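Listed in Swiss-Prot:
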type	residues	note
BINDING	Gly124, Ser125, Asp126, Gly127, Lys128, Thr129, Thr130	ATP binding site
Amino acid sequence: MKSNFSKFKDFIKYKKVAVVGIGVSNRPLIKFLVKLGAKVTAFDKKHREKLGSISLELEEIGVDLVLGENYLDKLDGYDVIFKTPSMRIDRPEFVKAKESGAYITSEMEEFIKYCPAKVFGITGSDGKTTTTTLVYEMLKKEGYRTWVGGNIGTPLFANIEEMKEDHMVVLELSSFQLMTMDVSPEISLITNLSPNHLDVHKDFEEYVWAKKNIFKYQSSNNLLVLNKDDDLTNGMENEALGDVLKFSLVEKVYNGACLSNNKLTIQGKEVCDSKDIKLKGRHNIANLLAAFCMVNKYVSIDSMKYVATNFSGVEHRCEFIREVNGIKYYNDSIASSPSRTLAGLNSFEKPVILIAGGYDKKIPFEPLAEGGYDKIKILILMGDTKNKIKSAFEKVISYKKCEMEIVIVNSMEEAVKVADNMAEKGDIITLSPACASFDMYPNFEIRGNEFKNIVNSL
């Protein structure tokens, strides 16, 4: 049962509130809390000069600022602390604050708790953004007033009073956001699971545990959608508290969605033929099947079909850039894990020239090497993980007794130049890093945009 937002308004008024992080996504939250009558202090590691005009803007509305390297040392004495998702709750500063009586939460937890609209939550290792967007587009096509947020779109908590019971909200949720969650969306999906973010999570078990929070607090009339082709997610059916629908690319599924004789079906009803889908790759057929399961109760087959046959994809996801001298360039900068890169490689009909490497999330690259060695013509590596990926591939090349040229480069510009020089007419060059971007870029979008700019200048 959803709580009325008036309870939160009564609770937060006059409270001493700390908001950790003054990034773009937290700024609407800070301003909203001030509007609700809270006494807000905003914390950030950056100094005033780095933050720019936002520091003055916040001070003008009465927000106190705690800035600099040791900013978390001053979390004592607050009634409520809104933490940024990527910060672990077991940090000593948070543990101490909680022991002193602080209520530690996050924007997303409070949003799901009080949102009057029906909430669709999507998580998983790969396919989250595309599936979130597909669900959003299908609901919108059906005529619902639909909001999208979480890891994509805009922060929604500040707009909660505009939302109605007959609205729909679609959220992409990361393991970081879910780790401390004690509330679940009414309709939840786990797309798939593979090792990821092990630079933040203690181990893979903790990562999986965090993902399960998306359905752990559901009720009997809620829905959980699971991937039947993924052993980990398929086995979660036994832990479900409500209804379960499954999707599969390889098995017939009657209580869910599947690919049968090249037809995409939901509950035995045909939606469309796979040849009519604009999205590239089998992994995107899986994303569509998952979306069908989520919206089945609310959306007509016609609306599902329209989106499935017209939606051409989200930027930075197997995105075709251009063809130059018979060479095709694709931007798959979203691929920040080996499994996502492997899915991208599988969407091409021939071996490609792959540009990969980046920030080290402490995840193994052996599965990428073993599953992808025969799908790569030339491997161009950059970033912190370049030698780690090279080592994984060299082992596979050695015992498979196959050949693959591996080139180490120091920049995106050099990577594209090398790829372009080595490519022949008919080749495909794709940026699909298998790693996060943080060693060289603030995010995957900026990484992808630089790649596109370089390719477009060829």
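Cβ atoms here come from the backbone N, Cα and C positions, even for glycine.
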Seminar exercise, completed: Excluding its own, the Cβ atoms lying within 10 Å of the Cβ of Thr129 (ATP binding site) add up to 19
For this session: Might you list, by sequence position, any residue in that chain lying six or more from Thr130 (ATP binding site) with a Cβ less than 8 Å away from its Cβ?
Result: Leu279, Asn284, Asn287, Gly313, Val314, Arg317
Exercise. Near the ATP site, what residues other than Gly124, Ser125, Asp126, Gly127, Lys128, Thr129, Thr130 in the same chain have a C-beta no further than 8 Å from the centroid of the listed C-beta atoms?
Worked result: Ile122, Thr131, Thr191, Asn192, Asn287, Arg340
Seminar exercise, completed: For Gly127 (ATP binding site), the nonlocal same-chain Cβ neighbours (under 8 Å, six or more residues apart) come out as Thr191, Asn192, His283, Asn284, Ala286, Asn287, Ala290, Ala343
